[in-house]
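Peer 1: Among the features that TrEMBL reports, transmembrane segment is placed at 28-51, 63-83, 133-154, 166-188, 208-231, 252-273, 285-303. For 129-313, the entry in TrEMBL reads domain 'Major facilitator superfamily (MFS) profile'.
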Amino acid sequence: NEVGPFTAVEQSIVTSQIDDPADRTPVFAWYGLIGSLASAIGSAVCGATVTSLTSKGTSTLDAYRVIAAIYGGVAVLLLINFASLSKDVEVKPKVVAQVENGDSNAPPPKIKKRGILDGLKLAPESRGIVTKLSLLFTLDSFAGGLVQASFLSLYFHQKFGVDESYLGAMLFGTNIFAAFSSLAASWVVKKVGLINTMVYTHLPSNVLLLLVPFMPNLTWATIMLLARFTISQMDTAPRSAFVAGVVPAEERTAVIGITTIVRTIGLALGPLLTGYLADNGKFDAVFIISGAMKIVYDILLLLSARQTDMAKK
């Protein structure tokens, strides 16, 4: 679920360690699986901890402060983990050859220094592809930002009156289903390709999202949400593999970074609309708008890929 700058660095590192492009989707599937499992465990621990502390007399505010402290502790562990990485994960600097006609007296080759903005200098072909992907990913992320986990929790709490323990268990379930569905994506990619996998698994999941507010009770609403997450994340690994492979290796980190930035912007804007609608008694409309926008994204992605050479790449 990380949408910050770490995503671009991590995915670039992962891709650089894979020799065969065909192995990218399975590796990213496992990458996503581990992340989703960790998120699932975190959701369950959070819900159980808050419920346990408040039942023993701790104020709700202090209970959530404990969660924030745990979050900070995990960040320290991440710092230590990243500091232990080998320099082999670095992009090798370009060497400017200065040897001409076998002249043994020629000066040694120089290593080209990287400028601050060198990473954003893309080839014309790459710029076109990245522009289209960025617009599509922004739309998808904005729609996803409408129904982030925090708002899902608030919706189920307000509409059905469930406590933090139930919410933690529900989010645990959604992440578990999302985690293992990502592994199935590798098999689907081999059958229909990256773009088709991204669309054909993502589109029906958005129909299920549309149906959540129409469910008659808590049980059916939870079932619909869990059903949605059994397929909603199957596009994640193919998308990561596609973005990593659609541009040259030296542009990979920049392109992943750019697409991550636009996804972050879209994700950040989504809650503004959700908060407005929820405050005006139209929380149900959030699911309908999000699902509809994501369906539009799926259709546009499929049409864009078919009209260009993106799918071939």
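Positions of Cβ are set from backbone N, Cα and C atoms, glycine also.
Curation plays no part in TrEMBL annotations; they are all automatic predictions.
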Peer 1: With an 8 Å cut-off on Cβ pairs and a sequence gap of 6 or more, do the transmembrane segment (28-51) and the transmembrane segment (166-188) reach 3 or more such pairs?
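Peer 2: They are in contact.
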Peer 1: Given the cut-off of 8 Å on Cβ pairs that are 6 or more apart in sequence, determine whether the transmembrane segment (252-273) and the transmembrane segment (166-188) share at least 3 such pairs.
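Peer 2: Contact criterion not met.
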Peer 1: Apart from its near flanks, which chain residues at least 6 from the ends of the transmembrane segment (208-231) lie with a Cβ under 8 angstroms of it?
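Peer 2: Sequence-remote neighbours of the transmembrane segment (208-231) are 147, 152, 156, 159-160, 162, 170, 173-175, 177-178, 181, 201-202, 283-285, 287-288, 290-292, 294.
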Peer 1: If we skip the immediate neighbours and take only residues 6+ beyond the ends of the transmembrane segment (166-188), which ones have a Cβ under 8 Å from one of its Cβ atoms?
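Peer 2: For the transmembrane segment (166-188), the nonlocal Cβ contacts are 25-26, 29-30, 32-33, 35-37, 39-41, 43-48, 50-51, 149, 152-153, 156-157, 197, 200-201, 222, 225-226, 229-238.
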Peer 1: Across the domain 'Major facilitator superfamily (MFS) profile' (129-313), what is the average pLDDT of the model, as a whole number?
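Peer 2: In the predicted model, the domain 'Major facilitator superfamily (MFS) profile' (129-313) has a mean pLDDT of 88.
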